[in-house]
Structures are given as structure tokens and as C-alpha cells.
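Here's a structure for you.
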């Protein structure tokens with residue numbers, strides 16, 4: 001089964017922000033300079049790549065979506081190189097040329113895949129008349145599904161508040177990659193995407209995930225944001241929205257070579273996915289997968305649809321994590337043809353905690369593929385009471401599907417997954433807790449088919465109920 005990517009070809013996004021040219025000089029290093037204690041690089045390769053807001057636009061078109069880029073440049077070779085490079089990848093450029101300023105350029109010198117130095121050539125565009133930028137935004141609003149404002153504090157977004165108001169008036173979502181500590185200037189945006197360092201520079205050091213959520217929700221309220229996405233490097237990313245439970249997604253990066261431009265990739269994929277008509281939760285899932293790909297590349301890079309598809313599939317031929325029952329049966333049949341052992345478990349998995357993660361990792365070690373069956377919202381309510389679930393089914397399944405230990409996630413409507421298990425007939429059925437094997441739903445069917453049933457222990461002290469009680473006690477205190 002192929003992963004269903006968003007319909008990127010129908011997505012139109014405008015990117016407005018600080019555009020720049022990234023230059024890379026590569027070469028071997030074998031000696032130290034006699035003039036100073038620095039390495040001598042014998043340059044043998046020179047590359048030029050669009051950077052800043054231009055890299056955001058390239059990330060959008062690399063997915064097959066349509067991107068129009070607006071920014072400030074000089075009238076120079078760097079501007080011409082930018083325009084040519086972007087035209088080659090189908091980015092529609094609509095630059096405002098400023099004859100008194102040079103195009104922002106950053107030169108990096110690298111040897112043996114290590115960056116030795118960066119040299120910046122820039123004066124910034126503070127004080128430049130923003131009206132031509134506003135006119136370009138106004139002209140495009142009727143034909144785009146999202147507006148990205150890419151802020152590198154170089155002057156293109158000096159009038160960012162007016163830009164936000166233009167988009168809000170037209171009903172177009174505004175996504176902003178912020179810069180600096182003055183988030184007041186982004187008031188009214190649809191989504192801000194700070195990294196953890198940028199976030200903590202505004203709200204203070206956060207020692208726990210709970211502090212990130214609490215301070216993030218206050219920031220949303222203070223600045224009238226619709227949502228906040230905090231990218232947290234090896235900790236993944238956290239989506240916060242008023243009236244909804246936090247959505248924490250673990251990182252999907254396997255190796256990290258260079259984080260240059262990773263933020264551009266995240267906001268580019270977010271915008272393209274939203275403009276294609278997908279939900280914000282889905283957009284974050286795809287952006288998280290794309291970030292895991294791009295940090296494994298050197299320098300500012302983009303992600304192709306094939307790379308994104310492979311990333312969200314996680315394991316080459318096994319399909320997308322979240323599946324329908326029919327899709328799951330096909331995936332299981334294919335796994336069995338390859339001689340793989342299929343393990344299955346089930347639960348509510350409302351607020352994912354360390355006990356869940358440890359349990360699922362241990363279950364996965366018992367076979368080659370792990371299926372997690374999840375109670376629907378109605379099933380959870382019948383099982384746990386009217387106040388549950390805290391997290392809706394879609395969010396619970398997305399988070400489970402992002403875990404490395406989990407291959408496939410499927411939901412069921414009944415009080416128990418007996419019917420579902422009887423249809424799948426895993427090689428091994430596991431359940432956490434104090435059950436006896438014969439008490440586990442589906443055990444009779446699995447045994448009758450020659451399979452095994454096993455009870456695994458949960459980590460002591462970890463439970464969703466205890467987490468909820470602690471939150472309630474903290475609020476009272």
C-alpha cells in the first residue's frame with residue numbers, strides 16, 4: 001500500500017521574507033597556514049543555493065506545490081543567481097529590487113563535511129518602503145491557501161503586523177517562523193514555529209514538558225495566536241492549540257549531519273500541507289517526518305515527495321502507520337509472505353507516557369512487526385467514563401504511528417478488539433497489566449490458530465489516570 005500524501009499539486013503558497021544566497025566552498029585540508037593557526041582549504045568545488053525565505057519556497061515546490069516568493073534584493077550578481085536557481089526549481093520570484101543595498105549572501109567554507117567558517121555579506125533592509133511588498137501580497141491572496149512569513153530579522157518583515165492583517169482579512173492562514181524575542185509583532189498569526197531556544201528566550205527556561213505546554217498556552221493567549229508549534233530537536237516537536245490536548249511528536253531523524261535550513265523545511269511542509277486541505281495535526285506529522293530527512297543532509301536542503309513518503313512509511317514495504325482494517329490485513333499478508341512474525345497489542349493510549357513507550361518497545365522486540373489497536377473515542381468513553389479520552393482518536397493514532405517501535409496503528413469501535421484480532425490473527429498477542437492470558441480479548445482465536453498469548457508488565461507508577469489526577473491537583477493547588 002502506498003502512503004497517501006497530501007494533494008500538493010493543488011496547493012498554492014506565498015512566501016514573504018528575508019531572501020539570501022548561500023554560497024559553499026568545498027575542498028580538502030591537509031596543512032595549517034604559516035600565517036596563522038588556521039587550516040588551509042584548497043577549494044575545488046563551489047556551490048550556490050537559495051537560502052532563508054528562498055529555501056522555504058524551494059521546500060514547497062520540491063513537494064510539487066506552487067510557491068510564489070516575495071522578498072528584497074539588491075541589483076547584483078547574487079540577485080541574478082538567486083532568480084536563476086529558483087526559476088530552475090519552479091519557484092515564481094517577485095522580488096523588490098533595492099539599488100542601494102546588496103543581496104544578502106552567506107559564504108560557508110567546508111572541508112571533510114565540517115563547516116570551518118561562515119562569512120556574511122549584508123547590510124539589512126531596515127527602512128526600505130514596505131508598500132511594494134504589501135501590494136504583492138494583496139494581489140496573491142485570492143489564489144493561495146497559505147501565507148508564510150519567514151523572518152531572519154533582515155528587514156523584509158519590518159511591517160509584519162500589516163502583512164498579518166492583510167491575510168486575516170482575506171481568511172488566509174499565516175504561518176510565521178519567528179526571529180528574536182518580540183513576539184508581540186506576530187500578534188494574530190495562525191501559527192508560530194519557534195525552535196526550543198527561540199521559545200525559551202521568550203518564556204524562560206522550561207525544565208519539563210508540562211512547563212512547555214503551560215507557557216506555550218499562555219503565549220498563545222497573550223498574542224492571540226491560533227496555534228504554536230515548538231520544534232525541539234532530538235525531542236521532536238510539540239503542537240499546542242487552545243481547547244485541545246497537546247500533541248507531542250517524537251523525532252524521526254536517524255542521523256543528524258546539519259540542521260541548516262531545517263526550520264525552513266518544517267514551515268514549508270506545514271504550509272504546503274495546509275494549503276492542500278489537510279488538518280494542522282496532519283501537517284505537523286508530515287513536517288516532522290520531513291525534518292527527520294533534511295537534517296541528514298549537508299547544508300540547506302529540500303525533501304522530495306518520495307523521500308517524504310519513505311519517511312512517513314518508516315519501513316520500506318510495510319505501509320503507513322495509521323491504517324484502515326482492510327489496509328492492515330493486506331499489510332499483514334505481505335509481511336507473512338516475507339516470513340515476518342506479527343505481534344499485536346491494544347489499548348486506549350490516551351496520554352502517552354514513559355510506561356506506554358517502554359511497553360511498546362518491549363512488545364516490538366518479540367517479533368518483526370507490531371500492530372497497535374486503539375479504542376475509538378466512543379469506545380474509550382464507555383470504558384473510562386465521560387471525561388475521556390483527553391486526546392481524540394486522530395491525535396492518539398498519529399502519536400503512536402510516529403513511535404519507532406510501532407509499525408501499524410488501527411482503531412476499533414467495540415468495547416474489546418476481539419473481532420479485529422480474530423480477523424488479523426497475529427502470531428503473538430500481548431497485553432500489559434495483571435491479566436491472565438485466558439482473560440485477554442482474542443486469546444482463544446489466536447491460540448486456535450497456533451499463535452501465542454503473552455502478558456507484559458507496565459512500568460510501575462506510570463498511568464494516564466495518575467497523570468490526570470496530578471494535573472487536577474496542581475490546578476487546585
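Note that Cβ sites are derived from N, Cα and C of the backbone, with glycine treated the same way.
I grabbed these lines from Swiss-Prot:
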REGION    1-318  region 'Ribokinase'
MOD_RES   179  N6-acetyllysine
BINDING   195, 196, 197, 198  ATP binding site
ACT_SITE  264  active site
REGION    344-477  region 'Cytidylyltransferase'
Starting from the ATP site formed by 195, 196, 197, 198, give every other residue of that chain whose CB sits within 8 Å of the mean position of their CB atoms, in sequence order.
194, 199, 200, 201, 230, 231, 232
If you count the other Cβ atoms within 10 Å of each Cβ, which of the binding-site residues 195, 197 comes out on top?
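When each Cβ's neighbours within 10 Å are tallied, 195 leads.
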Write down the Cα-Cα distance for the residue listed as 'N6-acetyllysine' and residue 195 (ATP binding site), rounded and given in Å.
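Distance (Cα to Cα, whole Å): 10 Å.
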With H, G and I counted as helix, E and B as strand and the rest as coil, say where DSSP puts residue 196 (ATP binding site).
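Residue 196 (ATP binding site) sits in a helix per DSSP.
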Could you tally the C-beta atoms, other than its own, that fall within 10 angstroms of the C-beta of the residue listed as 'active site'?
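Its Cβ shell of radius 10 Å holds 30 other Cβ atoms.
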Quick check: of the recorded positions listed here (196, 198, 264), which one has the Cα closest to that of residue 179 (N6-acetyllysine)?
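Result for residue 179 (N6-acetyllysine): the nearest of the recorded positions is 198.
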Provide, as an integer number of angstrom, the distance between the C-alpha atoms of residue 264 (active site) and residue 197 (ATP binding site).
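Answer for this pair: 16 Å between alpha carbons.
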What is the three-state DSSP composition of the region 'Cytidylyltransferase' (344-477), stated as helix, strand and coil residue counts?
58 helix, 26 strand, 50 coil
